[in-house]
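The block underneath contains the structure these notes are about, expressed in structure tokens.
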Amino acid sequence: SSFEEMTNVTTVLEFRLLGFSSNPHCQILLFTVFLVIYILTILGNIIIISVVTLEPRLHSPMYKFLKNLSFLEVCYTTTIVPKMLANLLAKRKSISFSGCMAQLYYFISLGATECYLLAVMAYDRYLAVCEPLHYGVAMTAETFTLLAVGSWVTGVFTGFLPCLMVSRLHFCSYNLIDHFFCDISPLLKLSCSDTTVTEAVIFILSLLVLSSCFVLTLVSYLLIILSILKIPSASGKRITFSTCSSHLMVVTIYYGTMISMYVRPTYNLSSELNKAVSVLYTVVTPLLNPLIYSLRNKAFKKALEKIVIRY
């Protein structure tokens, strides 16, 4: 019967991740590089969280959002990197079906949360620069909590639909994923069901999430730039812009890689290029955040020095 045929189809209980190169020397080199980056990422983001928590002068919404972003980066990179490191050393590079779906879910949810957080951070900068007199009234502790919690909760829900749709696809006996983690496009390529609807839904959802957050962020920054141009003194312009420049750099890197990855038909990118771009936003970007914020931010550097001296 067709029911039996269908139950025979989903025989895949685990996936094999092809990862990077099959050359063992290359694997060890990659393992070392990624391990160092991962340790630095975790340390860098934990330092940001600690400094913002310990220094009362950094208890403003801007830094509290940054603390949320750092916590998110730790979760995001931990979703992908430890498994990838284990597979670089393992003979048998596999991940269970449920492990793969869990990884996909966290990856999508945390990626979406990052979009929402970056957008509300841009809104916070817009209020601070363009409406400085109303900032205290507009960005109260309640508003901050609402925006931060809202970003996380919306992110958690964003991951459900794509993950549910991918998990309901049929995967036949062939189970090799040409990637280093369970990403959407390699899973869609693997499936032996018709993925047209799933692809369309995921495309529309990622377009909605990315474009709405991107437009919000872009509009905030256009208004900020217009506002900065009106400041008469050059030093005033520079000081005002420096409060936004680190966030703007993070946003540019993040959206650059994300849009190149998800808002286009997936099949025309070679798997090697796909992996290279994925390494950028799963491994490299989470490290850049603490670097960009801590190196470019005077108040943060002062607070860090103070804490180092104190302890």
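Even glycines carry a Cβ here, placed using N, Cα and C.
All annotation found in TrEMBL is predicted automatically rather than curated by experts.
Residues or ranges marked as domain 'G-protein coupled receptors family 1 profile' in TrEMBL: 44-293. Here TrEMBL flags 28-49, 69-90, 102-123, 143-164, 200-229, 241-263, 275-295 as transmembrane segment.
Counting same-chain residues at least six beyond the ends of the transmembrane segment (241-263), those with a Cβ under 8 angstroms from any Cβ of the stretch are 62, 111, 114-115, 118, 121-122, 125, 128-129, 184, 203, 206-207, 210-211, 214, 217, 221, 224, 228, 274, 277-278, 280-281, 285, 288-289, 292-293, 296-298. Taking the domain 'G-protein coupled receptors family 1 profile' (44-293) as a whole, pLDDT averages 87 in the prediction.
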